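Visitor: Input: one structure, supplied below.
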């Protein structure tokens, strides 16, 4: 049921152009798109190319073409993070003026023996929190992490995180001058008026930091829903690094049917022989977030876990 008193729904899909879309990317796109359309809301598209060393030339255009081929329709023009550096700089300067960030001289080697944070990274020990050591220059700028962050994930349920002990002071401006993902995504979501974020559970560990930044910058906090991450038969997340096959080579209607099945929507077998248009129509009408499996990851069905250069012959 849609709450008429709630603000207009604005969702988004924000792929990184580090390679072509794979089945895991498709699942995230399908989940966010259907939740937006089922709420009669907007679905925005953002290309997260702020991390220029990871950006592959031509990948963004390939992503846009694949989404169009699969029948996705987004609202407004795609937003490119590389065109929004001034907005990130303004947000960073606000944090610095408020004393919420500090320069850090620590290298990865110096932090190698630190305790592990919740997401598997090294927990920052606070070495530079009260000033740089004599003779050292800043390699990055970090946010002073403090307090507990709690939120109700629409799929994964109640979440709580102590920033100081489970995350530590986190980077918002890197030594190479690149703004960190956490800052860029928060600024972009606020600028677009995003009310609901539906994405993979691999980003669940980033949510506490993003809510923290929203509080510091005076931004509203969207509702969050984290879908199970798609993994291959070895239990690895589908990605460029694990040689996930591009979905562009797959029949769109069959791939969409598989994504709906993965998301617990229980599409009828006859839909597997329907056209792409008919499949989308059924999916929007029957979308149910409560039926999405409440788990952090699940294996891709059959040939959809195939590696690049393998032939998905079962399709």
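Heads up, the Cβ atoms here are built off N, Cα and C, so glycines get one too.
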Visitor: 12, 13, 14, 15, 16, 48, 181 bind L-glutamate in Swiss-Prot, but which of 69, 199 does that record place at the same site?
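Guide: L-glutamate site check in Swiss-Prot: besides 12, 13, 14, 15, 16, 48, 181, the record includes 199 out of 69, 199.
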Visitor: Of the ranges 227-231, 232-236, 237-241, which one does Swiss-Prot flag as motif ''KMSKS' region'?
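Guide: Checking Swiss-Prot against the ranges 227-231, 232-236, 237-241, the motif ''KMSKS' region' one is 237-241.
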Visitor: Determine which residues of the same chain, besides 12, 13, 14, 15, 16, 48, 181, 199, have their CB within 8 A of the center of the CB atoms at the recorded L-glutamate site, and list them by sequence.
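Guide: Going along the sequence, the neighbours appear as 46, 47, 185.
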Visitor: Using an 8 Å cut-off from the Cβ centroid of 104, 106, 124, 128, can you name the remaining same-chain residues around the Zn(2+) site, in sequence order?
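Guide: My list of surrounding residues reads 105, 111, 125, 126, 127, 129, 139, 140, 142, 169.
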Visitor: What mean pLDDT score does the motif ''HIGH' region' (15-25) have in the model?
Guide: 91
